[in-house]
Amino acid sequence: MNPNQKIITIGSICMVVGIISLILQIGNIVSIWISHSIQTGNQNHTGTCNQSIITYKNSTWVNQTYVNISNTNVVAGKDTTSVILAGNSSLCPIRGWAIYSKDNGVRIGSKGDVFVIREPFISCSHLECRTFFLTQGALLNDKHSNGTVKDRSPYRALMSCPVGEAPSPYNSRFESVAWSASACHDGMGWLTIGISGPDDGAVAVLKYNGIITETIKSWRKEILRTQESECVCVNGSCFTIMTDGPSGGPASYKIFKIEKGKVTKSIELDAPNSHYEECSCYPDTSKVMCVCRDNWHGSNRPWVSFDQNLDYQMGYICSGVFGDNPRPKDGKGSCGPVYVDGANGVKGFSYRYGNGVWIGRTKSNSSRQGFEMIWDPNGWTETDSNFFMKQDVVAVTDWSGYSGSFVQHPELTGLDCMRPCFWVELIRGRPKENTIWTSGSSISFCGVNSDTVDWSWPDGAELPFTIDK
């Protein structure tokens, strides 16, 4: 074969290979286009499960442990449209308290990523209940948990997570920078109140649906503070109480009316011989009832009730079953402050039913241990110490702490009344235990008109942790 023939032969072979390659590329493009068309046609699949509409997009591997679901729209039997929480229902009749949640945060935090917290509380919208809490900007069993016994620091923040879940960086939502806080839902959005700053000039930052709407400056320049539990929304307006002034003497107490995050009215209570801190508030037939902590001189709890115009009445729970800690043995009550063991105190709550009252309190008279609910059928107005029933929820040998009220509106429960509920903080660590940190978990209960049980639901963590050794 002469050189020209070789050149022609090699060129022909190259041309054939090129044509074959081109055909393969065209086939590949056609195949990809057909495959993409099929996937696009089947990308959205809508299924009905018990009248709940669930839309899945992208790939779902049902027969494997890993499920990749993104861009998911779930409507599970709840109307997600906004409503106005009326707050005009009366409290549901109840016979006792059923366990609602327990997060086991400290137990889980010995090995998992769980926030160091205190002052947890629960608040519900018409769609869900969330646990709010004040973090210390640190995780359990980590070096930054050292010294978290301190109440006020620039690292503290109000965050929230689904009720019953341990508060971690993976399930929690930032709400506000705060070392004192409150939050509530009016049916259209979340109002959060976060207080931060120096003791002599702290500022409360109000947010509505995450956007700053108002600020309130400390007016007495002596540790402005608020409820550490939920505020109350009635017919589109939300209400909260703040305190500014001494913790062991007369201070200043203000009620604020807030609409969509903006203060529309406020009044200062005329209470020269009373002390109101860390109030636990709830709606009842369009009014607001708050039961508070007297840290000055009362071992029974002060209360204030007000309407939407902020016209108020005030007093102390009269019962000889005393609700604060420390406190004397049950005995003769008073409709004013009971001065015996009246100094200091702990956040707590009660629910009024006519002349009767459900009193939540520690089981110990002198330390934050144990927790019980007591029904005194005449305790709101009478001073004797007789009561009808008692339900134990934390044993006296186990640690408790703050407690507070929250309600579930008819728009959430479907009932025709306001369901009363409460939470209990289970404090662990310093100053009572040999750790470098202070944190806690929480339990909660809701009132039911059916059978309940006495038991103890303690924190249950085994201390010290690795970081403490």
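Placement of Cβ uses the backbone N, Cα and C atoms for every residue, glycine included.
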Q: With Cys421 as one half of a disulfide in Swiss-Prot, pick the other half from Cys417, Cys446.
A: Cys446
Q.
Among Asp270, Asp324, Asp376, which residue shares the Ca(2+) site with Asp294, Gly298, Asn344 according to Swiss-Prot?
A. Asp324
(Q) Pick from Cys231, Cys238: the cysteine that Swiss-Prot pairs with Cys233 in a disulfide bond. (A) Cys238
(Q) Using a Cβ cut-off under 8 Å and a sequence separation of 6 or more, which residues in the same chain sit near Cys279 (disulfide bond)? (A) Gln227, Ser229, Ile241, Cys290, Val291, Cys292, Arg293, Val304
Q: Using a 10 angstroms cut-off on Cβ to Cβ distances, just flag whichever of Cys92, Cys318, Cys335, Cys421 is the loneliest among these disulfide-bonded residues.
A: Cys335
Q. Do any of Cys92, Cys281, Cys318, Cys421, Cys446 (disulfide-bonded residues) have a CA within 10 A of Cys184 (disulfide bond), and if so which?
A. none
(Q) If I take the alpha carbons of Cys421 (disulfide bond) and Cys281 (disulfide bond), what is the distance between them in whole Å? (A) 11
Q: Give the number of CB atoms, excluding that of Cys238 (disulfide bond) itself, located within 10 Å of its CB.
A: 27
Q: Within 10 Å of each Cβ, count the other Cβ atoms, then let me know which of the disulfide-bonded residues Cys281, Cys290, Cys446 comes out lowest.
A: Cys446
Q) For Cys129 (disulfide bond), what is the tally of other C-beta atoms lying within 10 angstroms of its C-beta? A) 20
